[in-house]
């Protein structure tokens, strides 16, 4: 492995910690890979090496994922596997999660390599190396080491399901490994009289993902939103999973016969695509209070996986406008945060935006020891004595041109600069004004920080004076967060349009030299002061006038017309964008009537809180700086502006709740489902405020409390002892019946929950498959010679001889220290017991399709039968006539000589 890493110019290392039960796959998130902004042809070649240990012998599996095209495809399967088994390519997936992050997923119950007999139980995963070669030929590497060896135990997983779970017509959608679903449910008591606990299980295609509430339960449900964290089995994503329980009934108005209505939103992750679109989400919840007896309930929802491209993979970008005179212009690139005067490994690249030829447009690459790159036209560069890098461009012509510059230091920390060069008109006497700083604080990390997995974005401080802004000038504060700081939540900016804007001349007719104001130009310039980096023989600059209207531009200030998204905007359907061009601004409480429509001519769609993340064809929300604002535009002045902040720092409609930790909780809202499988309903009609996160789908920031330490042991989850006064010994899914974990409840079996199309589920409902359960369950199982039935039973088509054992035997887990023997524990978990009141779901009864009628009447069928008989009779007559004719011919013929076959006997 060490020899292989020598080819890497930049290497990131991480330690992977797998805990809990084995869900049938393992997932490794790999952040901080560079995807260059403003470039639709910037691809990357990716190869992965997986290092195994087989009984003390090293084994290497090489996977070729080919070329990644982040603008057109998000999920990749290996094109080839070298050193692996015959079906190894079917056991791996590589997925783009947005913000430069990849996720490698591998099945854990099937061996991807060939081993000899007796070695099946000795295969452990040691490390993963990812090789990422960008369009400039730079090799970026990520080495992920397993904190403890992960043993792969090959086994067949039986088909598992849960009986008597109320079905819903709501579909749970998975985007970029994050599931998002909002379900209606009912509890017997009002909010302040209830507690609440929830567990989920996702089953399909030999994958079994379980998620439980971290704190066990919500001890008291409050009016409004009740937020909580959940933990899922297997790999723990750096973006936490969570949920929100919201009371939707008035305090004193229960639903007759069912109780009080609530809305439950769940966002577990990671959810592997290996589940498939036929998988099912089971939600088991419990809630009760001192005034009423509670119970355990179960509802289920179908799962579909979206092929939608996640939010931009592009690196965050600082934007700078430069207006120059003459033939040349220069921009100075400062050092990155991790760089010092002795850093040996520094790389600078440059390319013109929107190239169309990968063979010729990516030749401008410099290092500390390299000379002038071959094939780099109209661009030259050199390191100065203070380690800044000066780039000089020439021969640009009169039209503005955009140059993308990146600078990377030793530990792969990268800053990206978007510089727009505009040539001043020949008639003016304005001296060249260059902004060569690009940053307000050189010690601030910009681009891709090495100390955090959360993607960096650019922020602008709130102004304390009059609001005077343009679409292309924001705070000079650069993007990024320092090591250990709280991650910044990216939010699409109304100004990010992705188009290049021109900087017209704004010279006053009464002054030889005019420096434009940020937002408007006075018709008669008065006495003014000079701007930085600009020389003027006459001190004449118009003072900023908020909301003033320019007589030349004829457009109002952005501060007078910008409409920001409101938090109460409700979108019952996802992905609606305006069919018109320019800018679409969401109005308060706007409702989008159409599912999945996108406009091919829309320049920018300002997302509502219920539909976040750009659709296919949209430009990056991180790095697309333009001169367009909502409600009117003000073109960029001729002089240099400060570096543009690509992301607005003020996002209306978001709610931030923090506690004692800096890690943010991602509850991903729904996004545009253009490529979703058809479903009967959409689940984006929740009335709760939507959430933002560092990932593309957004969501409200909820800072979770980070535990002091993570246990490396694999302790089986189990259900608690029953409450006093209860008699049922059934336990929850995947749990034994001996635990006393707080928040988990068991109650007496009673009335089953309400089905989707019937008032009440019948007792002992059976599944369509032969059912055999472990002793913990009671659905169609034989225990001690007694046949019993019950609700919530989990059933399987596999015999108990293969997966027998009692319910207290732990399931297979990631083993950190010893080899795992072949599993004999039951894969059929105890059922989930139900009691009243029944669950009601907001679903319509599926209508029974009408019985199809015959296409022909009896008379028509009779005519067809007689016609067929006539045809057959005619054919028979023709055959008989032909035979008679041939018989007549044969009888009239006489031989004059013997037959030829006996000719030798006649001489």
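Every residue gets a Cβ built from N, Cα and C, even glycine.
Along the topological domain 'Virion surface' (1-860), the predicted structure has mean pLDDT 63. Here Swiss-Prot flags 1-860 as topological domain 'Virion surface'.
The DSSP secondary structure for residue 195 (N-linked glycosylation site) is coil. Cβ contacts within 10 Å of residue 195 (N-linked glycosylation site), excluding its own Cβ and spanning all protein chains shown: 20. According to Swiss-Prot, the N-linked glycosylation site annotation covers 195 (among others), on the basis of sequence analysis.
If you look up Swiss-Prot, you'll see 277 (among others) marked as N-linked glycosylation site, on the strength of sequence analysis. DSSP assigns residue 277 (N-linked glycosylation site) to coil in the three-state reduction, placing it in neither a helix nor a strand.
A simple way to gauge crowding: the CB of residue 386 (N-linked glycosylation site) has 9 other CB atoms within 10 angstroms, across all the protein chains here. Taken residue by residue with DSSP, residue 386 (N-linked glycosylation site) is part of neither helix nor strand, so it is coil. Annotated N-linked glycosylation site per Swiss-Prot: 386 (among others), in sequence order, evidence recorded as sequence analysis.
According to Swiss-Prot, the feature region 'Disordered' maps to 423-830.
As annotated by Swiss-Prot, compositional bias 'Low complexity' applies to 428-437 (among others).
Look at Swiss-Prot and you will find 435 (among others) tagged as N-linked glycosylation site.
Residues or ranges marked as compositional bias 'Polar residues' in Swiss-Prot: 442-500 (among others).
For 443 (among others), the entry in Swiss-Prot reads N-linked glycosylation site.
Feature annotation from Swiss-Prot assigns compositional bias 'Low complexity' to 507-612 (among others).
Annotation comment: Swiss-Prot describes 617-658 (among others) as compositional bias 'Polar residues'.
The feature N-linked glycosylation site is assigned by Swiss-Prot to 624 (among others).
Per Swiss-Prot, the feature N-linked glycosylation site maps to 627 (among others).
The N-linked glycosylation site annotation in Swiss-Prot covers 645 (among others), and the record cites sequence analysis as its basis.
According to Swiss-Prot, the compositional bias 'Low complexity' annotation covers 659-671 (among others).
What Swiss-Prot records for 672-687 (among others) is compositional bias 'Polar residues'.
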Rounded to a whole angstrom, what is the C-alpha distance between residue 386 (N-linked glycosylation site) and residue 195 (N-linked glycosylation site)?
63
Alpha-carbon spacing, residue 277 (N-linked glycosylation site) to residue 195 (N-linked glycosylation site), which is rounded to whole Å:
33
Taking 10 A as the limit, how many CB atoms besides its own sit near the CB of residue 277 (N-linked glycosylation site)?
15
